[in-house]
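Enquirer: Below is one structure. I have some questions about it.
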Amino acid sequence: MSAAPARRPADLVIFGGTGDLAMRKLIPALYHCDRDGLLPSGTRVIAMSRSGLGDADYRDKVRAEVSVPGATPDDWRRFLTRLHHVSVDISAGVSAGGTNAGTGWDHLTALLTGGEERDRVFYLASPPMTFGPFCRGLGAAGLVTPASRVVLEKPLGRDLASAQRINDEVGEIFSESQIFRIDHYLGKETVQNLLVLRFANAFLEPIWNSLWIDHVQITVAETVGTPGRRGYYDHAGALRDMVQNHLLQLLCLVAMEPPSRNDREAIRDEKVKVLQALRPISGTEADRFTVRGQYTAGHVGGCAVPGYLDEPGSTPPTEASGRVETFAAIRAEVKNWRWAGVPFYLRTGKRMPFRHSEIVVRFKDVPHSIFPGGSPNRLVLRLQPSEGIELHLMAKEPGAGEVALRPVPLSLSFGQAFQGRVPEAYERLLMDVLTGNPTLFMRRDEVEAAWQWIDPILATWETAGTPPEPYPAGTAGPDGARELLGRSGRTWHEEEPA
Ligand SMILES: NC(=O)C1=CN([C@@H]2O[C@H](COP(=O)(O)OP(=O)(O)OC[C@H]3O[C@@H](n4cnc5c(N)ncnc54)[C@H](OP(=O)(O)O)[C@@H]3O)[C@@H](O)[C@H]2O)C=CC1
Ligand SMILES: O=C1O[C@H](COP(=O)(O)O)[C@@H](O)[C@H](O)[C@H]1O
């Protein structure tokens, strides 16, 4: 495991500790950190929600709902003793000066201020509109010290204006160096490896530009739908949930200039420049260069699944549910010297036929072909389900007679090359927060530059008055996504010869 162990015990307060993110990702990641000996003794995880659970109820809930392959009873026992739960309703507010008896804030204060001194990390795994009130609550309760840190989950806000408002509200309580804006894609091994591939190998840089590269495809396809998440997803959609953050971060890492140092500010400076160079897409261009879809009933992995509108959710579908996109595809362009004229095709969707996330860099045709057939080289960076890199080269099919060409992949599988379990992104990132390393987190200007580009697309979609194109669950998205590339004679990677 590459993460550094924490040196001092900490209190990690997870606001939203009963939610989907906490139960599916954060708690399993913390379990692994604990099992790998990275959490000093005395480190506690304090979950917060309105649920009214006590410590014992919360531990039972975690044990019943969280599954960790290979977990042992002893490891569970030790880990569970670290868990606590505090009930609080953020909408009830908090008042300064200790008049919060019975609100949950007094309970949190007692937990954090009694006993040995620990680092304090506040992880906001709750809807973004609760971030400001929660930080105000912490400030009023006097719980923020100069060494405290706060982690903000994505998407930060719904648009540029709300992101700025939340950043301002959080900034009233925490300084920028205390704020860790998380995008868990930056904690994935292959994503970090992209920087190493580009900047620790000499051969790629000379061809990493519009002279050699025809286009780039970035795909994050999921088989999961959104059961139980309607309350969140109806107000988010794929553009806010996935493109504004994960896909744009991937695009930045592919397109950025070489930073002068492996240093958090140098890397973040280069990413911001890419976001600022994105060609704006609005009005009629949004119709030409973007596609949105919503899944209907279908089959995924041989099982029948309902459409988005029939997903069981905490709330019944509304008019907003009919307009929300579960699939988005965009033809983006980075307007600078290196990338002039190179389309970056971004695509993400729920209920796709396979879970696969990848970046495909498609090179240009050879300038003069002396063999029949053949196809351009492709560099494929696989993020999920297994992580690895493939370089598709042209090779001659064995045999006499006329030369026949076939693309053959040179493959590197991280699982095979590096023995042992590859840590989940959240393990790495949680340890970075606990040890105070912000390199893989987003700076305020990055998040806001991303919204600046997303906003006009959102505005066009919201005023369009047309619903997203339907696509059956288990298919590769609406027809429009194929047409987005097809207009230029290109095809999505999975439709090219293997
Ligand atoms: N789920 C995922 O895979 C990912 C989610 N995220 C982000 O994480 C955040 C949470 O998402 P998710 O876990 O899916 O959402 P959920 O709706 O599943 O969970 C929300 C959590 O916040 C608590 N909460 C909500 N409102 C209040 C309130 N007023 N006072 C106190 N507690 C409150 C809820 O508890 P209760 O209702 O009991 O009070 C619950 O614990 C979102 O910002 C999302 O974008 C980011 C990456 C991945
Ligand atoms: O941030 C989010 O990410 C998950 C997908 O994460 P992955 O690591 O499993 O690829 C997505 O399902 C969720 O909707 C979104 O909020």
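Even glycines carry a Cβ here, placed using N, Cα and C.
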Enquirer: Which of Asp159, Asp241, Asp310 does TrEMBL put in the same substrate site as His184, Lys188, Glu222, Lys350?
Expert: Asp241
Enquirer: For His184 (substrate binding site), which of the binding-site residues Arg50, Ile90, Lys154 has the nearest Cα in space?
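Expert: Spatially nearest to His184 (substrate binding site) by Cα position is Lys154.
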Enquirer: Just give the helix, strand and coil counts over the compositional bias 'Basic and acidic residues' (480-498), going by DSSP.
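Expert: Helix, strand, coil within the compositional bias 'Basic and acidic residues' (480-498): 10 helix, 0 strand, 9 coil.
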Enquirer: Can you see whether DSSP assigns Arg50 (NADP(+) binding site) to helix, strand or coil?
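Expert: Once the DSSP labels are grouped into three classes, Arg50 (NADP(+) binding site) ends up as coil.
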Enquirer: Let me know how many other Cβ atoms fall within 10 Å of the Cβ of Glu222 (substrate binding site).
Expert: 20
Enquirer: For Asp241 (substrate binding site), list the number of other Cβ atoms lying within 10 Å of its Cβ atom.
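Expert: For Asp241 (substrate binding site), the 10 Å Cβ neighbour count is 23.
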